[in-house]
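Quick notes on the structure that follows.
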There are 2 protein chains.
Amino acid sequence: MIQPTHAGRVWSPVITPFNDDLSPDPQRFAAHCRWLLDNDVGLAIFGTNSEANSLTVSEKCELIDALAEAGVPGERMMPGTGKCAIGDTVALTRHAVGHGCAGVLMLPPFYYKGVSDEGLYRYFAEVIERVADRSLKVYLYHIPPVSQVPLTLALIERLLKAYPDNVAGIKDSSGDWRNTEAVIREFSAEGFQVYAGSEHFLLDTLRAGGAGCISATANVNPGPIAELARTWQEHGADERQAALSRLRHVFEGYPMIPALKAATALYGRDEPWFHVRPPLVELDDAQRQGLKAALDEQGFSMPGLGA
Amino acid sequence: MIQPTHAGRVWSPVITPFNDDLSPDPQRFAAHCRWLLDNDVGLAIFGTNSEANSLTVSEKCELIDALAEAGVPGERMMPGTGKCAIGDTVALTRHAVGHGCAGVLMLPPFYYKGVSDEGLYRYFAEVIERVADRSLKVYLYHIPPVSQVPLTLALIERLLKAYPDNVAGIKDSSGDWRNTEAVIREFSAEGFQVYAGSEHFLLDTLRAGGAGCISATANVNPGPIAELARTWQEHGADERQAALSRLRHVFEGYPMIPALKAATALYGRDEPWFHVRPPLVELDDAQRQGLKAALDEQGFSMPGLGA
């Protein structure tokens, strides 16, 4: 049975910095990753909020290499590796396994809609068989609002039965607590690690027996989120949860990725963080000012960033 | 002003054959392409019905190379090149331009939903600027039922204005005739080529001033579809259109891609055509028998295939 350490309870889909020409910036990326690790937050690089699908496979492999060279241990990385084409998913997953990554977060193939559980089972099975490595730990990525391809309980059950050594957990970004609760109830006793897709559900997830959360806003508010994950059984946890949710609500009032990057640019005093790749668009001046005012009102800061 | 020849009025998103190990089969692919060309149908390889997003960029580049080596002229190819990451789209588009392809059919980036026209404009603009070739002809690919990312009239107008030499047309797979009609009315006078995404709308499209159709079922029924495109102004066109639609309705009763491949396997007596890549699943025995019975009832055949 796999048990997450405290340090494994909160992960962030790390935002990806781009230069003026939209190429990735590995140094700025490593610096942000180091800041997250210093705040006890793991690196779920190449998630939805990392603009992962706006990066090529080779760009992603190079960024993992850059983190490894910068001294980031593989056990603190959980790269997103799920692509529409099996060959791409296998290449990226192998690269992650080669770096000793703690796990990989795997989207289903997301172009075709209305596909069957049988087809999704074959996809994941094919990837696992091709990678063929006992150290591979797959975290399934359930994010129907974006992927439009949900992962059912029946599919999880079948995959767990076929590949108990490789199917390690799930990130549930459905935003539907009843689903998260059902997955925890059904599978967590067997060591399957269930992460909520937002810290709104962090306390509920831990109390129900889940593993923690993998959250976009852990990019900007890592310390307090990780603190709740450490102290969830202590006095005042509900108040700490409420404070996390209040801050997250501010970000939810804007397009999430541009807002995370804007906060990082503004509070880290580092302009290039504003850049996003198309089809996303950076916040305009009015949005930046509105975001900053709302965050200041909550006493928000990103201590130690850019230091 | 670009005018399609008769031969340019019907294109097929060519189905992609796989070996038992799911690798692409370039010989079988070239043979099917040759059969389509013999039937006056152009090769919109790497469309939705080609399982394009289940192929890696390098697999697609190799398949284009294989067709070129087999003597297929670039002017009869219109590869799909739109991927979520700009770097992938540019690489594949450059490869197509290098082979002198008639055009490329470009999906918008389809992972993020609810993106703005501004973001989509920047995506297409960035691709066109990076490819930087006057011979590049982009056909926009509007297929909201699958991509979930629609292309608006305002976006088309802005792209046409900025890149009149490169933005050549659209495939409208919305299934919404009012949209197709509106695009023809707005832009076809300037030479913008509007293709319906199904032969259901072939006659209506040609009568309204559109260019033709790019249709999945042109994989299996190329001769009669191309015939209507040649003879649409002659007596009996409505009856010919009705016959095309009756046959297409049979295929629409099944998952389209597995059904196209099953028909090709059954009527071309060539088993490997049954293979699809996950997340798709081939037709089961009952479905194959049902499809065959329904097609036989319509006197369906694929003359010359596998000959």
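Sequential numbering from 1, following the chain as shown.
A Cβ is built for glycine as well, from the same backbone N, Cα and C atoms used for every other residue.
Caution: TrEMBL annotation is automatic and unverified by curators.
Pulled from TrEMBL, these are the features on record:
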ACT_SITE  B:Tyr141  active site, proton donor/acceptor
ACT_SITE  B:Lys171  active site, schiff-base intermediate with substrate
BINDING   B:Ile214  pyruvate binding site
- request: Please report how many Å separate the Cα atom of the residue listed as 'active site, schiff-base intermediate with substrate' from that of B:Ile214 (pyruvate binding site), as a whole number.
  value: 7
Length of the line joining the Cα atoms of B:Ile214 (pyruvate binding site) and the residue listed as 'active site, proton donor/acceptor', in Å: 11
Task: Please state whether DSSP places B:Lys171 (active site, schiff-base intermediate with substrate) in a helix, a strand or coil.
output: strand
Query: What residues, ordered by sequence, lie under 8 A Cβ-to-Cβ from B:Tyr141 (active site, proton donor/acceptor) and sit at least six positions away in the same chain?
result: B:Gly80, B:Gly82, B:Leu105, B:Met106, B:Leu107, B:Pro108, B:Ser147, B:Leu151, B:Ile170, B:Lys171, B:Ser173
- prompt: What does DSSP say about B:Ile214 (pyruvate binding site): helix, strand or coil?
  reply: strand
Task: For B:Lys171 (active site, schiff-base intermediate with substrate), list the number of other Cβ atoms lying within 10 Å of its Cβ atom.
output: 30
